[in-house]
Structures are given as structure tokens and as C-alpha cells.
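In Swiss-Prot this protein carries:
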type	residues	note
TOPO_DOM	1-51	topological domain 'Cytoplasmic'
TRANSMEM	52-72	transmembrane segment
TOPO_DOM	73-216	topological domain 'Extracellular'
DISULFID	CYS96-CYS105	disulfide bond
DOMAIN	98-213	domain 'C-type lectin'
DISULFID	CYS99-CYS110	disulfide bond
DISULFID	CYS127-CYS211	disulfide bond
CARBOHYD	ASN131	N-linked glycosylation site
CARBOHYD	ASN163	N-linked glycosylation site
DISULFID	CYS189-CYS203	disulfide bond
CARBOHYD	ASN202	N-linked glycosylation site
Amino acid sequence: MGWIRGRRSRHSWEMSEFHNYNLDLKKSDFSTRWQKQRCPVVKSKCRENASPFFFCCFIAVAMGIRFIIMVTIWSAVFLNSLFNQEVQIPLTESYCGPCPKNWICYKNNCYQFFDESKNWYESQASCMSQNASLLKVYSKEDQDLLKLVKSYHWMGLVHIPTNGSWQWEDGSILSPNLLTIIEMQKGDCALYASSFKGYIENCSTPNTYICMQRTV
């Protein structure tokens, strides 16, 4: 009887252990199956969430590239128009009067810039043939457009060796502080350049010239 009771007791213990082990296996199997079932769901949700996200990223990148291209194009157009725009000569309300065709009318004076190169005497003759004279600078205020001139042009200013003065074609003396005379080389004639500067030049040297006609 003791032996049978011992076997029953051991059997009960084994059954208990088996039952516990079986429960552990079931729990482990359930956990594994739950994870396997959960993973596809999670992956599916990830894919569902990732697809709109990457689509949005793609749209954002495309719009960014398009914006950069548009900015580049507009910048190029703006710079091109900026560097190619013509210099506008300011106009005043003062009466200018009639000028020859294609001449510039500004503050009661008519101006023409000639691109052909002539010596001083030939330039003077060309202006006289058009009822005008070589440029005479008499006022920085009334002739402020001359600040726009960038190259050298003959003007009607000559040096008088006998008294060392500079005179205009009409015989008037150059007013002090009106022009800065710069000796570029030996000569008795003067070229006009920018910022009210006069450059001494040999009268026989070919240069472009400016003709001027008073309207009053």
C-alpha cells in the first residue's frame, strides 16, 4: 500500500509538473502566435502609414526643386533687364525748344554725340555745318547730364599760349572750378570726359566729338 501510495504521489507530482509545463507551452505558443499575427498587422500599418509619408516627401522635394528653378529663371531675367536697360537722361519741366532731328534736348540746349573720329578742327567744322558749335561747359547744374559721359570727346575749349588761358570758341574764358583740366599730353585742345574733367590733347589727334546748340 505504501508503494502504491508513493507511486500515486509521484504520479500526481508528474501530472502537476506536466500540467504546469503544458500551460507554459500553451502560453509560449499563444505568445508566439500573437506576435506572428501582430507583425503582419503592424507591418501592414507601417506600409500604409509610410506610403503617404514618402509621397508627401516626394511632393515637397519636387516643389522645392521647382521653386529653385523659378527663382533662378526670374533672377536671370531681372539681372538681364537690369544690365541691359538704357540710361535715361532726366527731363525737366523747363522749356527746351526745337532741336534737330535725333538730337538730345535738355534744359534749353540741344546735344549730339558723334561716333566718327575727327581732329579738333574737323569736329568744329562738322558742328558749324549743323548750325551748332563744339560742346561748351558753362553750368554744372544746367548741364548735369554730362555726368553720364564715360568716354573722351572733343569740346570747344582751346589753350591760348600767349596768355596761358583756356577759352571757348566764342572767346569767353573758362570759369574757375567749372572744369578740372588734366594734362594727358602736350596740346592746345581739350577733350571732355566724365565728372566735368577736361583732358589736354593734341588738336590733330582724331577723336569723337559733341556738338551743342543753344535754343535760347
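Note that Cβ sites are derived from N, Cα and C of the backbone, with glycine treated the same way.
Owing to the predicted nature of the structure, the values given are computational and were not obtained by experimental measurement.
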CYS99 (disulfide bond) versus recorded positions CYS105, ASN131, CYS203, CYS211 - nearest by Cα: CYS105
Mean of the pLDDT scores, which run from 0 to 100, over the topological domain 'Cytoplasmic' (1-51): 46
Most Cβ neighbours inside 10 Å, all chains, among the disulfide-bonded residues CYS99, CYS105, CYS189, CYS203: CYS189
Top Cα neighbour of CYS203 (disulfide bond) in the set of recorded positions CYS105, CYS110, CYS127, ASN163: CYS127
For the disulfide-bonded residues CYS110, CYS127, CYS211, the one whose C-beta sees the most other C-beta atoms within 10 angstroms: CYS211
Recorded positions near CYS211 (disulfide bond), in sequence order, restricted to CYS110, ASN163, CYS189 and a 10 Å Cα cut-off: CYS110
Local backbone state of ASN131 (N-linked glycosylation site), from DSSP in three classes: coil
CYS189 (disulfide bond) versus ASN163 (N-linked glycosylation site) - Cα distance in angstrom: 15
Nearest of the disulfide-bonded residues (CYS110, CYS127, CYS189) to ASN202 (N-linked glycosylation site), judged by Cα-Cα distance: CYS189
Listed glycosylation sites (ASN131, ASN163, ASN202), ranked by Cβ neighbours within 10 Å, top entry: ASN202
Residue pair CYS110 (disulfide bond), ASN131 (N-linked glycosylation site) - Cα distance, angstrom, rounded: 11
